[in-house]
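Asker: Attaching a single structure in structure tokens format; questions to follow.
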Amino acid sequence: MTVPHPESVGEPGIAVRAPARRRSAWHGQAPVVAVVALGGGIGGTARYAAALLWPTQSGGFPWTTFWVNVVGCAVIGVFMVVITDVWPAHRLVRPFFGTGVLGGFTTFSTYAVDIQKLVDAGHPRTALAYLAATLLAALAAVRLAATAARRVLVRRRR
């Protein structure tokens with residue numbers, strides 16, 4: 001079998017054009033990935049600083065991780081109200097702050113590891129209390145913060 005030569009491909013006398021190149025999906029997503037990475041670095045650094053400032057004793061209730069997650073959830077509640085009801089944010093603000101900064105700051109993976117460490121250290125009741133308290137407090141924080149932010153907005157608009 002022979003390889004066709006460009007001058008012999010297609011019908012004689014008809015110009016053959018190469019298909020137009022499509023922009024890759026990466027081209028449009030690169031700025032989003034970049035701001036998420038930048039925000040994640042900032043949020044993760046803030047969480048690490050909190051862990052250094054308020055270390056958890058071995059076998060003790062992981063208060064730092066608990067409060068980091070609760071505060072992060074409260075901030076996301078306010079943030080979502082602000083960018084949906086108040087301020088038409090740039091398309092990169094939500095991925096930077098919501099996914100990046102707050103995603104890096106809150107740490108549900110450390111939450112899971114803390115639960116396992118408590119169980120392994122012989123503190124299953126503390127682990128169960130931590131599991132339930134974090135879940136309930138985080139959900140309540142989002143709800144209460146979003147509700148409070150909306151109420152503030154209603155009062156300001158009067």
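In case you wondered, yes, glycine gets a Cβ from its N, Cα and C as well.
Fair warning: this is a prediction, and the values are worked out from it, not measured in the lab.
Found this in Swiss-Prot, in case it helps:
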- GLY103, THR106: Na(+) binding site (BINDING)
- 25-45: transmembrane segment (TRANSMEM)
- 63-83: transmembrane segment (TRANSMEM)
- 95-115: transmembrane segment (TRANSMEM)
- 126-146: transmembrane segment (TRANSMEM)
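Please go over these features one by one and say how buried each is and what sits next to it.
Answerer: Here the Cβ of GLY103 (Na(+) binding site) has 19 other Cβ atoms within 10 Å, regardless of which shown protein chain they belong to.
Only residues 6 or more beyond the boundaries of the transmembrane segment (25-45), in the same chain, are considered here, and those with a CB under 8 A from a CB of the stretch are 92, 95-97, 99-106.
Below 8 angstroms of C-beta separation, residues 47, 50-51, 53-56, 89, 93-94, 97-98, 102, 105-108, 110-111, 114, 130, 133-134, 137-139, 141-146, 148-150, 153 of the same chain, each at least six residues beyond the ends of the transmembrane segment (63-83), sit close to that stretch.
Taking Cβ pairs closer than 8 Å, the transmembrane segment (126-146) reaches residues 59, 61-62, 65-66, 69-71, 73-78, 80-81, 111, 114-116, 118-119 in its own chain, all 6 or more past its ends.
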Asker: Under a three-state reading of DSSP, tell me whether THR106 (Na(+) binding site) is helix, strand or coil.
Answerer: coil
